[in-house]
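Summarising the annotation, TrEMBL assigns domain 'O-antigen ligase-related' to 201-343. Sequence annotations record features per position, and here TrEMBL assigns transmembrane segment to 6-27, 48-67, 73-95, 107-124, 130-159, 179-195, 201-231, 243-264, 330-352, 364-386, 392-409.
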Amino acid sequence: MSISTTNYYRVFLLIAVGFYLSFFRFFERVITGAGDSASFEVVAGGNILNQIIGILLLLLSLTYFLTSKLQGIKAFLMSAWPILLIVCFFLLSITWSDVPNITFRRCVAFFTLIISTFVLAQVFSPRSLLYFLANAIALATIVGLFYTFLSGSTINFGLGERESGFRGMFADKNSAARIYAYGLLLFCALGRYRTGWDRSLLALLTLALFASQSASAVVIAVVGVGLTIALRIFRGRNKSESILRFIMLVLLLMIAGLVIINLYEYLLSLLGRDANLTNRAIIWELLKPYLEEKYLYGYGFGSFWASSAVADFIERWGFIGNAHSGYFEIMLHAGVVGMGLFFVLIFVNAARAIKLYIGSEHRIFASFAITLLSVQLITNYIGYIILNHNSFDMFLFMLCFFCVANLVGSHEYNKS
C-alpha cells in the first residue's frame, strides 16, 4: 500500500496542528487522568508524549529536504536565517547552561517547530493553512465546551473571577484565551462571517473568549480585529498611494498608543485589573537579581526554571514555570545578545510583511501577518509567547513568518 505525497503532507499537517494546538495533550490528560499543573520535576523531566511526537515531526520534516534536496535547503536558509541565528545562539548556550541536557532538548524542540512550519508553508498555500487553523481552533472550542459540560464544571462570563475562567480542552487559561482570540482574528481575516455556519462559529469563539476571563485575550481580539479592518480601509490603489496611506495609519496608531499609555491605569481598571498586571510586576521585580547576574548571555535556553539557580525562588514563592513576560524570559534564556537577535527577527518579519502589503496582490494575508505580529508583540509583554518552543503562539508566528517570506520571494521573482 502506497501513500501519495498529498496525503503524506495532509497527515503531517494534522499531526503538527494536533500537537501545537494541544489535542494530543488533552486526550492524554483525559485517558490518564493526569493533572494540568506543571511542577519543577515535570519541567526538568520533560513529557514523554511531547518528545515522541516532536521526534516524529522532525523526521517527517526532514523527508521534505531529502526529496527537494539542495533547492529546499537553499530556500530554508534564505527565508529562515533570522530565526536560525537565534537557534545557533541557543545551541551555543549549551556550553554555559546550568542544565545543558534541558537546553539541548529545548533547542531540538524549537528547531522542530521551525522546520515543521517551514515545510507546511512550502507545501500548502497561506489561505488554505489559515482556513485549516481557523477550523481547528473552532473544533478545539467545541471539544472544550463539551468536555466542560461533561465534567460538571461551570462557565462564567466577564472579567471578574479569573480562577473560574473557561479553559476548555487546554491546560492553561491564558493560552486558551489567546487561542480563542486567534480564532476570531483568523475568521475576520478570511472574511468568514457571511454564512450562517461561520457566524455560529464566530459566536462560539466570542462566547469562549469572554468566558475565559482574560483581559489580555480580549485586547488581542479587539486590537486585532480593529487593525485588520484599518489595514483594509487604508489600502491604496497603487504602490505609492499604499505607502502614503500606510504612513498615515502608523501615525494614527502612534497617537492612539500615546493616548492609551496616558490612560493606562484607567483602562486597566475598566478591565478589572490593576497596575501590577495580576502580580506580574511583582514577579519581574523578584526576578531582577537573577537577570542582572547573567545579563549578557543568560542562563542557557530553557534551563533557568529547571536549574539550581532558581531553587531559592521556588522554595519561597513556588514554581511558576516562566516569567510571564516573553521579553523577560528571553533575557533569562539568552541575555542582551539574545534580545538583540530577537529584534533582528522581528525587524525582518515586519519589513517583509509591510513590503508584501504595499507592493503585491497578497494584501489580505499581509494584513493578517501585520496584525498578528502587532498583537503578539504587545501580548508578549505580559505572556511568554514569541520564542516559546512548543506553544501554538509561536507555531502561528513561524507559519506566518515563512508564508510571508515565500510570498515576498515569489513576488520578487515574478517582477524579475
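Cβ from N, Cα, C; glycine included.
Where the annotation comes from TrEMBL, it is an automatic prediction and has not been curated.
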Between the transmembrane segment (179-195) and the transmembrane segment (243-264), are there at least three Cβ pairs closer than 8 Å, leaving out pairs fewer than 6 positions apart?
no
By Cβ distance under 8 Å, which residues at least 6 away from the ends of the transmembrane segment (364-386) in the same chain are close to it?
126-127, 130, 174, 178, 181-182, 185-186, 189, 216, 219-220, 223-224, 227-228, 231-232, 277, 280, 322-327, 329, 342, 346, 349-350, 353-354, 356-357, 393-394, 396-397, 400, 403-404, 407
Cβ under 8 Å to the transmembrane segment (107-124), counting only same-chain residues 6 or more beyond its ends: which ones?
9, 12-13, 16, 20, 50, 54-55, 57-58, 60-62, 64, 72, 75-76, 79-80, 83-84, 87, 90-91, 94, 132, 301-302, 387, 389-390, 394-395, 398-399, 401-403, 405-406
Ranking 6-27, 48-67, 73-95, 243-264, 392-409 by the number of C-beta pairs under 8 Å to the transmembrane segment (201-231), which range is first?
243-264
Where else in the chain does the transmembrane segment (392-409) make close Cβ contacts, counting only residues six or more beyond its ends and a cut-off under 8 Å?
16, 20-22, 75, 78-80, 83, 113-114, 117-118, 120-122, 126, 129, 133, 175, 178-179, 182, 349, 352-353, 355-356, 360, 362, 365-366, 368-369, 372-373, 376, 385-386
For the transmembrane segment (130-159) against the transmembrane segment (6-27), do we get 3 or more Cβ-Cβ pairs below 8 Å once near-sequence pairs (under 6 apart) are dropped?
yes
Establish whether the number of Cβ pairs under 8 Å between the transmembrane segment (330-352) and the transmembrane segment (73-95) reaches at least three, counting only pairs separated by 6 or more residues.
yes
Beyond the flanks of the transmembrane segment (6-27) by 6 or more, those residues with Cβ under 8 Å of it:
47, 49-50, 53-54, 56-57, 60-61, 113, 116-117, 119-120, 123-124, 132-133, 136-137, 140, 143, 147, 169-171, 175, 179, 390-392, 395
When the domain 'O-antigen ligase-related' (201-343) is classified with DSSP, how many of its residues are helical, how many are strand and how many are coil?
106 helix, 0 strand, 37 coil
